[in-house]
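K.L.:
Summarising the annotation, TrEMBL assigns transmembrane segment to 31-51, 57-76, 130-150, 170-192, 204-224, 236-258, 380-403, 423-442, 454-473, 479-502, 522-542.
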Amino acid sequence: MSSKPPKRPPPRDGKENRQSLLSASAESAKFLILLQVISRLLTFLVNQLLLQYLSPSLLGISVQLELFMISILYFSRESLRTALQRQSSSPTTNTTTAAAAAPTSTKTLGTRGKLIEGTQAAHRQTVINLSLLILPLGLLFAATLSLFYARSFASSETVSQPFFIESVCLYALATIIELAAEPYFALAQLGLRYKVRAAAESAAAFARCILTCGVTVAVAKGGFGERLKGQGVGPLGFAVGQAGYAVVLLAVYVWCFWGEDGRGRWGIGLRGIESRKSGYHLTYFHKPLTSLATSMWLQSALKHLLTQGDSLLITYFTTNHAQGIYALSSNYGSLIARMLFQPVEESSRNLFAKLLSSTTDPSRENITSAKITLQTLLKLYFLLSIFFVSLAAPFAPFVLSLIAGRQWTTAKDAGETLSAFCYYIPLLAINGVTEAFVQSVANERELAGQSAWMFAFSLGFAAVGWVFLRVLGWGARGLVAANGVNMLVRILWSAGFVRGYFTRLEKKEERGKEGEGIREVLPSWMFLSTALGVGALARGVVSER
């Protein structure tokens, strides 16, 4: 009997593919926002309980450990994650793949069991192979940063905390377990399976909250004996919670992908890919994506140092008490930002990469879609920024007195720092989406240029932070102000890149419209005047209390 090969669906035209990307991006944003809302609300509720049992100093130490963990994760995976986002969900639409040839072939396996480039199986395996590089990088950075943090970076006050070394080791182990789930994360992103990611991360966040809260409260109540109740467990409760997060995250991903692994087409293990044009290192690692990830690593490292520079500065220049005050303000002040802005930033980065990242010039329709999306996001952010500046900032100290315990409301600079953070949130949001655009479309030369500028910004941030913290003695408020200055110059640089990028792509007769860009995203003067009046009224009400 002769069997005919199955018919492939006709390829999508540009408009249909573009609409699919926009729909997928909206779906992504919906699930990621839902994920962040669940995660942040859980964290908020648990923190409200934990604040009754934690001192500002212990909360400051937990911030150091979180910075330690985030640094391992960021240095290990961020550049590869960003590079893999430029991989399309289908091999037939991936212009960066060297051999998207033979799309009508149904043959999957080549010589020696290797997958044939251009097939769906090889396309997925390309992503898996690169994501597997993250785990050895994680082992390297975990070992290096653990020794550096415990022996050189942490102060004597921090090291003297009960179970400090055990907590550092447990945090390092948790990061390794979390990085082991990276191939599954990459596959979920490639297949636009945002429900899988939402399920994994929300379940993991719930486990972390339960374990952190359970250990801390149980010790405080004497559940582990009077000796531990007297001395406490230091930051161990946070470490146990993070380990639980990593284990549950990996378990949910494995469970969701269990039926797809090992069917002979593709698997989670390393597997060779047969390429006609030698497009792979050692037949495993896609050369263009590997090169892109390598060039992105320095830029990602500098971005991390800038993003987490506040934690580094406050750790080096201030006490654990001041670190706790800043951590409290950051957790409350950025709650809405993390629930809304971070998911939108991730989704927009994925969308811009799919619409505009190509070896050839993107189509006029894709350019227009990307530009309208960016303008819409920025206009939304400007409107939300007015709320934070006019209403949230003056009422922040009053809100803090309602939701935090007595030891926090009477702590020095707590209310003022939270109020200052409300002015910083708009800059944080706008910078997030503009830098997401840059990372999605910039080539290697442009990324190198951005890295150089970000290095200069990091030096400027350190200098401004030193002045505000050491010379002027502003404490946590000075750190918020230094962050604001740093974020502003980064926004200006990204805005210049965005303007230049669209100017190069659009035709000459349309360039005259470029000046309209900033006017299109700014609110009207009437709206701004009303907001200023409401803000002044709010400040008057607060000052009378």
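Each Cβ is built from the backbone N, Cα and C atoms, and glycine gets one as well.
Show me how these features fit into the structure around them.
P.N.:
Within its own chain, the transmembrane segment (57-76) has Cβ neighbours under 8 Å at 51, 134, 137-138, 141-142, 145-146, 149, 154, 157-158, 161, 164, 167-168, 171-172, 174-175, 178-179, 234-235, 238-239, 242, 300-301, 304, 308, 311-312, 315, 319-324, 326-328, counting only residues six or more beyond its boundaries.
Listed as Cβ neighbours of the transmembrane segment (130-150) (distance under 8 Å, sequence separation of 6 or more from its ends, same chain) are residues 64, 68, 71-73, 75-77, 80, 83-84, 159, 164-165, 168-169, 172, 175-176, 179-180, 182-183, 185-186, 269-270, 285-286, 289-290, 293.
Tertiary proximity for the transmembrane segment (204-224) is limited to same-chain residues at least six positions away from its ends with a CB under 8 Å from its CB atoms, namely 38-39, 42-43, 45-46, 49-50, 53-54, 232-233, 236-238, 240-249, 252.
Within its own chain, the transmembrane segment (236-258) has Cβ neighbours under 8 Å at 62, 65-66, 69, 162-163, 166-168, 170-171, 173-175, 177-178, 180-181, 184-185, 187-188, 196, 199-201, 203-213, 215-216, 219, 268, counting only residues six or more beyond its boundaries.
For the transmembrane segment (423-442), the list of distant contacts is 82, 85-86, 296, 299, 303, 333-334, 336-337, 341-342, 344-346, 348-350, 352-353, 356-357, 374, 377-378, 381-382, 384-385, 388-389, 392-393, 450, 480, 483-484, 487-488, 490-491, 494-495, 497-498, 501: same-chain residues at least six beyond its ends, Cβ to Cβ under 8 Å.
Remote same-chain residues near the transmembrane segment (454-473) are listed as 299, 302-303, 305-306, 309-310, 313-314, 317-318, 479, 481-483, 485-486, 489-490, 493 (criterion: CB distance under 8 Å, separation of at least six residues from the stretch ends).
Distant neighbours of the transmembrane segment (479-502): 306, 309-310, 313-314, 326, 329, 367, 371, 374, 417, 420-421, 423-424, 427-428, 430-431, 434-435, 437-438, 441-442, 446, 450, 453-454, 457, 460-461, 464-465, 468-469, 514, 517; these residues of the same chain sit at least 6 beyond its ends, with a Cβ under 8 Å from one of its Cβ atoms.
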